[in-house]
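Structure record follows, encoded as structure tokens.
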């Protein structure tokens, strides 16, 4: 059998798997305040970060770059507390905002969240609580006890109400860990030191106690062993039994002698204590008895942090390895474990009762039976009540208690049992029935109500039936709770709560007999019946048949209610409801035509009998509605021709509902009836529906009546949108026939849809007086030739000129071509060309004329164009062609003219004269074309000359390709002719490079020999000689010595170097020797030929320094030092001075070194040489020579020498040297020592060193040389870190004016910084306040505003203070300052701008009082600005109390759009006082939120009738009909009185008004009132009044209508009665009694 475990273990995840470094898993870096978050401080590289692990999503840790010494997460939300030093901050991570911050006076060594909004802070001396609420600061709770001195604080706990506080610490003493705790009572403000390691508080309710007790549990490990203590802290609550202290041993295994408790948590649900030790052991204890339930090791590593695990009421923790573990009670096993393994049945029972756990059923049954048998009924009842899962709360148990008779003077055992059950919780169904039966028998219904409210009873249908006999409303509550729909609805009906029936039935899904219910409701209240009927049909699927509901209304003659119901019921317009729709419309057309008209107008219904309704509409005078319903064309045509009786807009829309044929028939009928009257309307219809009716049919319709005007207007409305060519053609024809030539022009110009050929033919046939439309069409569609022919043949040459001059000059070439085709006179054509001033293509004109071989025709015009300065290539091209064809000096023209297109003219000349083609191509650099012409015509000489002159490498590469068959002929001409003729070196150079690029060395030698050796101009050309020799070295080495000997003007050094690299050493030596480059020659002898003897002989023979130097260097390399030095001296060569100086320095021979360096300086002037020479002179004490030397030109490092002299104390020499090298900083320091201040300042400026400036500045200040000090200071203040020291130096000595002058002068500096502007502003506030505002206005953005704010406030500079507050966005303070000091700080624009930005709205209201006091005339401007932020009700009240409402009338108007009651009433009051009745009427119509009746009562007494009319209007709007009618009667507004009486639906009021008209003799009003109040007047009363006043004739129309209605009603009632009699044979009527069980 598997082992039974009372606890369950779970590993949630491992921190290392989430990327957490094991080094960061520890007490100092990881915190866990609850089971929601784990927070770890990490350091990745140099970057500190905080990692937050959400336990609900641990695989997605949140990492934030936060540097903090400690971080703890809020136990409930994503709020983190951070500590850095003494600074504490709380941030909301989700909102990304800082919530609170505080700086402690002492270091916080431990802190912890003790609730969701409180952090406990522990310092070395005290404990504080810091609440997140409001702006509260940490509050000190208690001072730390001396027993915790030197302890490491590891925990802090509080009870649930934070009345008991506990601080836990540990320390190492005598080779063991000692725990120290301090328990503090908040109420008693006393502490108690306790030895302990881990502790927790618990709220535990013992059996028999009314309230839970606060228990304090703590564990300790001392030298004698471990103990767990459980005690109650504080006084027990009233009526509670005190908790008996428990102290039990805590077992530590022998192998864990150094183990001790580290954590404790309470499992509140199960009443257990979880105790964790350092070695990872879990101890589980019963909280009430202290019994140890189990002990087990759950972790091999220390669990250093724990928290309650709320989902399981267990404990969760983290160990050193990074495992996140939780432990909880195993509910399925723990009772069995306690009973069977621990052999502790009492513990099992307590656990089962406490947590309602299974496993102890037999124990409970046995105990219950034992107690019951002993007569301990109360105890047995408690056992039954507390038994888990309700195992004893059965009918048998109730019967057992019922069987026991009650003792005299005592409650029966059954009632005792029920009482205990009620104390424990809710009764079940059986218990509830039995108890209620007993209570109701005793007449104690109030107990039943109390238990129901407390939810102590399980409601059922049986319970409701039981209660209903006593209280139906109480039974309704029971039925609702028991979910018995039939009984609930029955109770609703019996109690008159009809509207709740539908809602409840829908909610619970129950379906009663709705018609039966409705008929009963209707008899009780028609209005409630209407509402009930609406609820029955408000869903998509009605709950009852609508026809049956309508029958119920008609049975009771409720026409108005029936109409209202049907409008709601039929709103979905279903086809199946057609008959109902017909009934509704017929009913209202007979009784209320205006209602029917409204219904039809809204087009709510579409499925009624339209033919029947159409007839009724016609009879009711609704002609428009009748026309909409007619379907027969004869009826429609008969009605539609009466257009003067119909709304034109409606009629146009009506045609949209007709078929195409019917629409055309109706239009035909309308035009036939009265074309003058109906033409415009027909055009509108045709325009709107032309797509449906067909444009062609409509055109034929208008043409059949010869109405071109109508056709023009119709087509004009659609032509801009139509793509039909016929439409555009017909429109053009109609426009022509109606004389609309301008419109013809427009459509011809803009339209792209007509057939141009047809339009052109029509316009030609139309013979219009203005040919412009024809011109436009021909121009647009390329009929220019036809146009010219037409115009020319019809003698309309004037329009040809108009066309080319005004319409489209660009068509001139085509026009000229056409004129040439009709053999027009050349003079006319020339004149026409000359007359055109617009832009046209010369190319096209030339092409047109050239096609016809009439090019010379253009000569005069072309020459005139050129004389006018025309530079167009086409013009010059044409002229060139004419000159070429006429042989009129064409070559001269081609060479001199700069504007023709060379490619065009060259191509023109190719077949005529290739030479001219070359001229043209050469002029335009048409390379490929020229080469092609030359090759085709064997013009190689011209081609060679062109290539040489062209100097284009790419072109050369093209012609020198191997694929060029003419390359050899071309090269011959280049060599023989082109290069011989040229005098341009660049041409030669490009040509040679081209041959080199083409890799033609033999041809290149041939070319170069021709140039260089044949005594040409370029024979002495250096580069060409170089190239010839180099080419020979590359291609033919046998010629090299010959060329070297014959030529004299080549680069010897380069040639010799190339010869060396090509192993031609003798040739190289010959070149060097020939050109006297003996040093190079001896180098060849030494390095390449390798003969030193020959080299020495050569040096003796030459006796040149360079030669000796070469020889000396070689000797030095052979260690011949003495000989080498002699050679250097003979060669006068200091080049190896480094080696010489090093050797001389080692021998310390300064005199010889001076001689060598002097020689070397004469030759080399090297810096090192001169530096060493200066130092050598200094060392040899030759000061005068030193001064002469440094004053003369030199390249020495004088600074180094000066430093060496300065270090050795030679200051005069150093001064000379520093002066020479301009080391002004060191020189200034030297001069300060010598007392030369002026020179020191000058040199400081040159040095530009802050340290030097400070030193000189302070020295000048001490000497009161303020001018020099300011000069120095300007270079110091630009360094922010130096400014404070400089200012202190000035101010300590009282030089304030000088300091201000210094800072003012410094503001213009390029490096001016914020500190300068800030400090100057502060100085102004102290010593020159009049200049401060100007300074701030200029430089506010560059000052430290908080610092200047403090200074301005201290100096009472209010205007400046406001300015700064505004710029710093502290608008509240700015407004307060302006209101506190208005004479100095208030400015209107500034105030209005700032007041809108304040955060405290209260300031807006204070501003209103401020303006009333100081600026009342500007109050409206302020109100308009503040309007979005003001409470308008408060504002109106404020000005009303101040008696200033008229002053703010503009404001009231501006905010009335908010429809605020106070604003409306205040403005209405003002308008009344001003007698502005129009404004008042507009106000009350637009804004209805005011006391209508109060205003009406005021206005009815007004002396102006207009205001009394408004009063009547208000009474009417508020259903005060009698007052409204009386006012109308008084002011003789009889029509209004009748309308108000009719709208009131008050028959008595209408009757009184009718009688009043008779009393006043208003016969016409009597008749009008009969019509207006028709449905409110009783016919018998009207008949009597008419007869008595002899007005029967006036009343006759009324009686006729009444008779008609009564006859209709009688007919309908007769039909209904017949139907009812038929139904009576089917079923007998049932009384209004509801059972709802499916039976009546």
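Just so it is clear, glycine is given a Cβ too, placed from its N, Cα and C backbone atoms.
Around the Cβ of residue 184 (phosphotyrosine), 21 further Cβ atoms fall within 10 Å across all displayed protein chains. What Swiss-Prot records for 184 (among others) is phosphotyrosine.
Applying an 8 A CB threshold to same-chain residues 6+ apart, the list for residue 394 (phosphothreonine) reads 430. Under DSSP, residue 394 (phosphothreonine) is assigned to coil, being neither helix nor strand in the three-state scheme. Positions annotated as phosphothreonine by Swiss-Prot, on the basis of similarity to another entry: 394.
Here Swiss-Prot flags 634 (among others) as phosphotyrosine, drawing on similarity to another entry. On its own chain, residue 634 (phosphotyrosine) has no residue at least 6 apart in sequence with a Cβ closer than 8 Å to its own Cβ.
Spatially close to residue 737 (N6-succinyllysine) yet at least six residues away along the chain are 708, judged by Cβ distances under 8 angstroms. The annotation N6-succinyllysine is assigned in Swiss-Prot to 737 (among others).
Look at Swiss-Prot and you will find 899 (among others) tagged as phosphotyrosine. If you take the C-beta of residue 899 (phosphotyrosine) and look for same-chain residues 6 or more apart in sequence within under 8 angstroms, you find 871, 872, 873, 875, 876.
Look at Swiss-Prot and you will find 1206 (among others) tagged as phosphotyrosine, backed by similarity to another entry.
Feature annotation from Swiss-Prot assigns N6-succinyllysine to 1441 (among others). The C-beta environment of residue 1441 (N6-succinyllysine), restricted to residues of the same chain at least 6 apart in sequence and closer than 8 Å, is empty. Classification of residue 1441 (N6-succinyllysine) by DSSP places it within a helix.
Summarising the annotation, Swiss-Prot assigns phosphotyrosine to 1477 (among others) and lists similarity to another entry as the type of evidence. In three-state terms derived from DSSP, residue 1477 (phosphotyrosine) belongs to a helical segment. Sequence-distant contacts (6 or more apart, same chain, Cβ under 8 Å) of residue 1477 (phosphotyrosine) comprise 1471, 1504, 1506, 1507, 1510.
Summarising the annotation, Swiss-Prot assigns phosphotyrosine to 1487 (among others). According to DSSP, residue 1487 (phosphotyrosine) is assigned to coil rather than to any helix or strand. Of all the Cβ atoms in the protein chains shown, 18 others lie within 10 Å of the Cβ of residue 1487 (phosphotyrosine).
What Swiss-Prot records for 2-479 is region 'Globular terminal domain'.
Within the chain, the region 'WD40-like repeat 1' (24-67) has long-range Cβ neighbours (under 8 A, six or more residues past its boundaries) at 12-13, 15-16, 18, 73-76, 78, 80, 82, 84, 93, 112-113, 154, 304-311, 316-318, 320-322, 324, 326. Swiss-Prot lists 24-67 with the feature region 'WD40-like repeat 1'.
The feature region 'WD40-like repeat 2' is assigned by Swiss-Prot to 68-107. Per DSSP, the region 'WD40-like repeat 2' (68-107) is made up of 0 helix, 23 strand, 17 coil.
The region 'WD40-like repeat 3' annotation in Swiss-Prot covers 108-149. Per-residue confidence over the region 'WD40-like repeat 3' (108-149) averages out at a pLDDT of 94.
Feature annotation from Swiss-Prot assigns region 'WD40-like repeat 4' to 150-195.
If you look up Swiss-Prot, you'll see 196-257 marked as region 'WD40-like repeat 5'. For the region 'WD40-like repeat 5' (196-257), DSSP puts the residue distribution at 3 helix, 30 strand, 29 coil.
Sequence-distant contacts of the region 'WD40-like repeat 6' (258-301) (same chain, at least 6 residues past either end, Cβ-Cβ under 8 Å): 5-7, 9, 154-155, 176-177, 179, 197-204, 206, 215, 217-221, 226, 228, 230, 246-248, 250-252, 307-308, 313-315, 317, 319-321, 323, 325, 327-329, 331, 334, 337-338, 342, 344, 347, 350-351, 354-355. Annotation comment: Swiss-Prot describes 258-301 as region 'WD40-like repeat 6'.
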Beyond the flanks of the region 'WD40-like repeat 2' (68-107) by 6 or more, those residues with Cβ under 8 Å of it: 31, 33-34, 36-39, 41, 48, 50, 52, 62, 113, 115-116, 119, 121, 123-125, 130, 132, 135, 137-138, 307
DSSP three-state assignment (helix, strand or coil) for residue 634 (phosphotyrosine): helix
Separation of alpha carbons, residue 1487 (phosphotyrosine) and residue 184 (phosphotyrosine) (Å): 65
Summary of DSSP states over the region 'WD40-like repeat 4' (150-195), given as helix, strand and coil counts: 0 helix, 33 strand, 13 coil
Summary of DSSP states over the region 'Trimerization' (1551-1640), given as helix, strand and coil counts: 65 helix, 0 strand, 25 coil
Structural state census, the region 'WD40-like repeat 1' (24-67) (DSSP three-state): 1 helix, 21 strand, 22 coil
